[in-house]
Amino acid sequence: MAGDGDADGFEVDVRAFVRSFVRAYRYMDISARRYALLVLLPSAALTLGVAAAVVALAPPLSIALPGVLLGVLPALGALAYPKIAADRKRREVREQFHLFLTHITVLSMTNIDRVEIFRTLAQVEEYGALAEEMGRITALVDTWNQSLDDACRRRAKRVPSDLLADFLERLAYTVGAGQALDDFLLDEQESIIREFVIRYESALAKLDVLKELYLSMMLSTTFILVFATVVPILLDVPPTLLITAVIVMFALVQLAFVVVVHTVAPRDPVWLTPETHHSPAHRVRPALYAGVGLSLLAVVGVLVVGLDYTPLDPGRIPYPISLAIPTTPLLLPGLAMRREERAVGERDAGFPSFIRALGGVESVKQTSSANVLESLRRKDFGALTANVDDLYKRLRTRIDTEEAWVFFAAETGSYLIHKFGSMYVVGRRMGGEPRRLGQVISANFNEVLRVREQRQQATTTLIGVIYGITAASMFSSFLGLGIAEQMLDITSRIAGQNDAFIQSLFSTGSYDIATMTVLLLLVVLLNALLSALMIRITDRGHFVSALTHFTLLTWTGALVAVATQRVVSGLIG
C-alpha cells in the first residue's frame, strides 16, 4: 500500500511538472505557434540533420556520440527555454515583491494619478520582471485605451508568478469597485510581508538541509581522497593521475554546492552597488592593495627560501605552513571590510527609528526635511548619527534634495537604506503625508532586519560546519598520506632482503611523497576558496570580507596537516 501511495505521489508530481512546462509557453512574449515555427522546428531539423549525418557517415563511436549529444542540445534548449524563462521571472518577482509592495504603497499615498504610479514603477530597473509588467499595464492603458482594472486583470492571466497574478486580480477588483488604492495596499501590507517572511524562512530552512547534505557529501569525498592516497601503493595505479581525478571531483562537488547555495539563499544584499567613492567599501581599497602587495612579496619570499637561495634551511618550514604564509596579509582587507560591514548593519538598525522620527516631526511641524533634521541630527541614531548630520548639511545648501539623499545612502553603504530612503524622498516630493510614509517604511524595514538576523544565525552555523569539515578532511587526507609514507619507508628497508617479493606485494616505484603533498595542499587551497565563497553567498556580504575566511581556512588546513604529519611520524615511525 505504501508503494502505491508513493507511486501516486510521483505521478502527481510528474503531472504538475508537465502542466507547468506546458503553461510556460503561454507566458512568452510571442505566441506558442510562432515560437514553434521560428525556434522549435529549426532546432528539431538541426537535430535530425546531425543524426542523419552520423548514420550516413558512420564515424567512430568517440566522434559519433559527442556529435549526437551536440545535435540534441539545440532541440532540448529550445524546448526548455520557455520553462526556464518563466521560472526566472517567477524568482525575480518573488525576490523583489516586498520592496515593490512598499514602493507602490508609498506612491499610492501621494497626489499622483494611479496610472502614473504604475508608470513610475516601470522605470525602476531593479524590479526586473515586476517593472516589465508595470510597463505592459501602462502600455495597455495608454495605447489600447483600456481601463486600469481591465489592464491588471488581463496581465494577471499572462504572468508566470501566482503571487503577482493574485495581487493583480485583487487590485483589479479594488480599482473596479472604486475603493481607494492606498487603503487596499495598506490592507495588503501585513499579508504580503508575512508571506515574504515565510518565504525567507523557508529558504533558510532549505539552507539547513543543504548544510546536512554538504556535510555528508564532503565526508564521503574525503574518504575517497584518503582511499586514493593509499591505493596506488597496493595496486598498480598511477598515483598522480588518481589523486588528480579525485581532487577534480572534490572541487566539482564543492563548486556544485556553491551554485546551489547561490540559488537557494535569499537574495537580500547588504551593500549598495555599484560602489562609488562615497561608499564605506571605498575606504578598504588601501588595505586591499596593501594586502595583495604583501601577499605577492610573501610568495616571493617563500619561493626564495624554498629554493635554497638564502642561508635559512628550507626544510625547517613545513610545506603546509609555506602555503599558508602568503595568504596571511589578506587578513588586512578582509578584517577591514568586515568592520565596515558591521557598521553598515548598525546603520541599518538605526534607520527605522530615524525615518519614523523624521516623518512624525515633519507631519507635526509642517516644514521641510532640512528644518526637521536641524533638531534630529542631535539625537542618537547609533552608527547612523554622523550620516544624518551630513545629510542635514547637504540639505541646508538647497542645491538638490534628491542628490543629498543619494549621497546619504551611498555613504551608509546600505542597499536597504538606499531603497527605502529613496521611497520616502519620492513620496514626499509627490505630496505624501510624512507620518504615514515613515510608519509604512519603518515597519517593513524592521521586518527585513528581523529575517536578516535569522540569516546571520544560519550563516554562523554554516561557518562552524565548514571549519569542522575542513579540519576533519585535512586530518583524514594527511593521515592517509602519512600511512603511505610509512609504508614506503618500511618497504624500502626490507626491499634489499627480498626485492622481488616486495615488488609483488607493493607498487612503490612511481609514488612520490612530495608530489602527493603538493596535490593535497592544492585541496587545502580549493577548499578554503570555495568555502569562503559559500559563506559570503549565504550572508550576501561583500566578497572582500571573504578573504578573512579564506586565510583562516587555509591556516586551519595547514596547521591540521602539520599536526597530523607529526602525530603519524611519532606513532607509526
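Cβ from N, Cα, C; glycine included.
Look at TrEMBL and you will find 35-57 (among others) tagged as transmembrane segment.
Within its own chain, the transmembrane segment (63-81) has Cβ neighbours under 8 Å at 39-40, 43-44, 46-47, 49-51, 53-54, counting only residues six or more beyond its boundaries. Feature annotation from TrEMBL assigns transmembrane segment to 63-81 (among others).
Under the heading domain 'Type II secretion system protein GspF', TrEMBL lists 100-227.
Residues or ranges marked as transmembrane segment by TrEMBL: 213-235 (among others).
Counting same-chain residues at least six beyond the ends of the transmembrane segment (241-265), those with a Cβ under 8 angstroms from any Cβ of the stretch are 203, 206-207, 210, 214, 217-218, 221, 224-225, 228-229, 231-232, 455, 516, 519-520, 522-523, 526-527, 530-531, 533-534, 537-538, 540. Marked as transmembrane segment by TrEMBL: 241-265 (among others).
Sequence annotations record features per position, and here TrEMBL assigns transmembrane segment to 286-307 (among others).
Annotation source TrEMBL lists transmembrane segment at 319-337 (among others). Long-range Cβ contacts of the transmembrane segment (319-337) within its own chain (Cβ-Cβ under 8 Å, at least 6 residues beyond either end) map to 281, 283-284, 287-288, 290-296, 298-299, 301-302, 305-306, 517-518, 521, 524-525, 528, 542, 544-551, 554-555, 557-559, 561-562.
Counting residues 6+ beyond its ends, the transmembrane segment (462-484) has Cβ neighbours under 8 Å at 207, 211, 214-215, 218-219, 221-223, 225-227, 229-230, 233, 511, 513, 516-517, 520, 523-524, 527-528, 531, 534-535, 538, 549, 552-553, 556-557, 560-561, 564-565, 567-569, 572 in the same chain. Annotation comment: TrEMBL describes 462-484 (among others) as transmembrane segment.
Using a Cβ-Cβ cut-off under 8 Å and counting only residues 6 or more beyond its ends in the same chain, the transmembrane segment (513-535) has close neighbours at 225, 229, 239-240, 243-244, 247, 250-251, 254-255, 257-258, 261, 319-320, 323, 327, 459, 462-463, 466, 470, 473-474, 477-478, 481, 484-485, 488, 543, 546-551, 553-554, 557-558, 561. If you look up TrEMBL, you'll see 513-535 (among others) marked as transmembrane segment.
The annotation transmembrane segment is assigned in TrEMBL to 547-568 (among others). Here the transmembrane segment (547-568) has Cβ contacts under 8 Å with residues 291, 318, 320-321, 323-324, 327-328, 330-331, 333-335, 337-338, 463, 466-467, 470-471, 474-475, 477-479, 481-483, 485-486, 520-521, 523-525, 527-529, 531-532, 535-536 of the same chain, all six or more residues outside its ends.
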Grouping DSSP H, G, I as helix and E, B as strand, the residues of the domain 'Type II secretion system protein GspF' (100-227) number 108 helix, 0 strand, 20 coil
Residues outside the transmembrane segment (35-57) whose C-beta sits under 8 Å from one of its C-beta atoms, at least 6 past its ends, are 25, 28, 64, 67-68, 70-72, 74-75, 77-79, 81-82
Which value does the mean pLDDT take for the domain 'Type II secretion system protein GspF' (100-227) in this predicted structure? 90
